[in-house]
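What TrEMBL records for A:6-35, A:82-102, A:114-138, A:158-180, A:192-213, A:219-240, A:247-269, A:297-320 is transmembrane segment.
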Amino acid sequence: MELTTIWFLAIAVLFTGYFILEGFDFGVGVLLPVLGRSNRERRAMINTIGPIWDGNEVWVITAGAAMFAAFPHWYASLFSGFYLLLFAILIGLIIRGVAFEYRGKGTTDKWRQGWDLCIFTGSVLAAFFWGVVVANIVRGVPLDANFDYTGSVWQLLNGYALLGGLTTLLLFTTHGAYFLHLKTAGEISERARALGLRLAVATAVPAAAFLIWTQAAYGSGLSLVLIVLCVLSLVAAFLLDYSGRGGLAFASTCATVAFAASGLFAALWPDVLPSTSDPANGLTAVNAAATDKTLGIMTWAAAIFLPIVLLYQGWTYWVFRKRVTVEQIPT
Amino acid sequence: MKHGDWGGMDVLDLARMQFGVTTVYHFLFVPVTIGLSMLVAILQTMWRATGKTAYLRATKFWGKLFLINIAMGVVTGIVQEFQFGMNWSSYSRFVGDIFGAPLAFEALLAFFLESTFIGIWIFGWDKLKPALHLACIWLVAIGTVASAYFILAANAFMQNPVGYQINETAGRAELTDFGAVLTNPVVLSAFPHTIFASWLTAGVVMIAVSGYHFQQRRDLDVHRPALRLGVLTTLVGGLGTTLSGDALGKVMTSTQPMKMAAAEALYQTTYNAPFSVLTIGSLDGRHGTPIIEIPGLLSYLGTGSFNGEVQGINDLNAQYQTLYGAGDYVPYIPLTYWSFRLMIGFGLLAIAMAVIVWWFTRKGGNPTHRLFWPIAMWMVLTPFLANSAGWIFTEMGRQPWVVFSLLETEVGVSPSVGVRTVAMSLIGFTLVYLMLAVIALKLFLKYAKAGPPSEEDALAGASGPGTDPEKPMAFAY
């Protein structure tokens with residue numbers, strides 16, 4: 001297999017991993033004011049992701065750095081072209097990250113309400129705009145001969161991309177609800193389950209529209225398979241949750257996110273950022289890539305260290321496998 | 001390129017200002033994270049080794065202050081990675097084949113380690129066996145140091161490009177020797193310099209916070225060992241920073257002679273070059289008149305001999321014009337001159353403070369003069385000022401290059417980004433960063449003043465996994 005193909009797959013895996021893991025973190029943040037009726041309930045919710053959100057966020061740092069190293073042109077065109085979208089995501093990630101750490105370190109209601117707002121807003125911003133970013137990558141943007149973006153920020157807020165943003169926002173929120181159902185106990189877990197069922201239905205509509213649009217306009221044989229699996233796993237999540245199988249239901253929303261992300265990458269391949277102005281200016285896995293030397297070194301590093309990372313991150317989830325109950329939250 | 005300006009500044013000015021603001025801000029937290037993770041690990045090791053509860057209380061106290069700091073370091077770090085592409089896309093295209101790999105290594109080998117194990121450490125007091133829990137904080141400390149190595153290796157390429165060839169068709173630098181990139185002489189000196197400076201920074205923070213409690217005469221069984229550790233760390237860090245800084249100066253003289261000349265505002269090539277403590281110069285940085293000088297010191301710093309030759313700004317500029325074409329290759333001298341002096345001066349002040357505190361607190365002493373501890377506490381600012389000045393010197397002294405001798409800064413900026421976009425994000429980041437700075441500082445002071453947890457609270461859940469599943473979490477957000 002070509003090294004450029006391997007690295008296209010690696011970037012797809014890193015972003016997919018990121019969306020699965022931080023996806024439910026975002027969902028927990030979005031649901032914080034909805035599901036958490038008291039301070040202790042909200043604390044129980046935050047503590048389900050307390051030990052893991054930071055490690056989850058490193059997936060996007062790794063994905064970004066790997067893109068920089070493996071596909072410098074993709075990284076450069078994307079980050080400069082999608083400037084304000086990424087700015088919004090960064091602000092979102094900053095305020096919610098600090099909020100997790102600082103919320104419990106004050107004592108007044110006003111303090112906690114402020115940070116709750118940061119967690120909610122930050123999660124919504126990131127969950128929505130990541131969808132807008134990925135949709136625009138698949139759709140393509142106007143690029144000049146140097147691969148530089150020539151459009152405006154408004155062109156990035158087109159109908160297809162906004163639908164993509166709505167899809168990720170709702171999908172991550174659903175994913176978060178199933179996670180909370182699994183990771184909490186008692187009343188709050190039941191509420192998460194009930195809401196998760198309704199959210200799955202609410203997600204299905206825009207997600208189906210977005211994925212059908214994707215398949216019709218940009219799809220391939222592989223993307224069709226993945227998109228069908230995505231829809232099926234969302235239905236499975238709903239049915240499993242309905243029949244009280246919380247663990248399997250969450251596994252199914254993990255699959256939904258994974259199939260959605262990989263379906264989009266499959267639709268993108270072999271491009272990495274198509275040009276809508278002149279197709280000749282588009283970036284592909286070949287013309288955006290670094291040299292084989294760099295890709296070779298990166299392949300060795302990833303082959304050795306990514307499994308190690310998966311092992312110890314997996315171990316973290318094992319250590320914190322127990323449900324968080326409201327009663328366990330120290331007063 | 002989209003031209004236009006905003007308040008008299010163009011995209012290049014704003015992008016540089018944004019890089020300066022976000023980087024200096026991020027680096028307020030980085031050295032504290034590197035240094036304190038190790039100090040917390042040492043305190044926890046001391047507790048495990050001796051079983052003394054005072055060390056456990058110190059671990060928990062310093063652990064909390066460490067977390068207030070690291071949260072800011074983590075979230076401001078993501079901005080750093082994104083803004084290479086956002087503001088400096090032409091730079092990213094040019095160096096990506098070389099510069100990206102150390103960043104990817106940093107994420108894969110260091111960030112995952114730090115971020116995953118810090119989560120386990122924070123929440124794992126009652127989940128893991130004590131020895132395993134202790135191993136987690138050491139892994140965090142190792143992760144922070146590894147991260148510093150990779151990012152400094154990437155920066156070293158900008159100062160002294162090695163292990164590359166220029167591909168004219170592709171219009172970029174391409175990797176030929178990754179080993180050379182990772183063993184760049186600049187990173188071999190800059191890495192110890194940064195790590196020792198981080199120890200110095202964390203040591204001074206520890207002295208200042210412990211000093212507050214010495215003044216209050218509270219919990220000295222917890223704070224005296226911490227103060228001693230802080231003094232020792234500051235002195236080891238200070239000595240190491242000085243020696244590695246000396247080595248770095250010599251590497252800089254051979255690889256970036258213009259930067260060394262700019263550090264001294266030395267216009268003419270000179271043997272037995274002096275080091276001036278004070279120079280009065282013109283604001284455009286074209287002339288300088290030294291007022292107080294130490295003869296031969298600059299030659300010594302740069303070459304290891306008091307009679308060594310140090311090339312002057314004017315001669316180097318003429319050389320560079322022959323080599324790289326017409327242009328001005330002189331950095332902004334007043335800034336390089338003063339940042340270099342402030343870095344050294346504030347660093348030395350910090351070391352002097354540690355020595356004085358050590359002298360007056362040895363053999364169980366606690367100075368009673370009402371100004372002693374307040375002054376020691378205010379000295380906490382010195383390492384932060386020294387660190388910031390050091391980075392401003394390193395990066396401004398490289399100008400007009402973004403990659404020395406290969407790519408000028410003005411060529412590296414994103415051609416597709418408009419002036420209002422950069423202005424908006426600059427204002428946005430600055431406002432958010434300012435608000436967070438106030439909050440983080442207030443929290444740090446609040447918990448620093450509150451002191452360590454009681455013996456009972458510290459011991460709760462610190463003995464490893466329990467059997468009661470319903471008992472409260474040992475730590476919760």
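Backbone N, Cα and C define each Cβ position, glycine as well.
Worth saying up front: this structure is predicted, and the values here are computed from it rather than measured.
Contact between the transmembrane segment (A:158-180) and the transmembrane segment (A:247-269) is supported: at least 3 Cβ pairs lie under 8 Å, counting only residues 6 or more apart in sequence. Same-chain neighbours of the transmembrane segment (A:82-102): 29, 46, 49-50, 53-54, 57, 115-116, 118-119, 121-126, 129-130, 132-133, 136, 149, 153, 156, counting only residues six or more beyond its ends whose CB sits under 8 Å from a CB of the stretch. Among A:6-35, A:114-138, A:192-213, A:247-269, A:6-35 has the largest number of CB pairs under 8 A with the transmembrane segment (A:297-320). In terms of C-beta pairs under 8 Å, the stretch of A:6-35, A:114-138, A:192-213 lying closest in packing to the transmembrane segment (A:247-269) is A:6-35.
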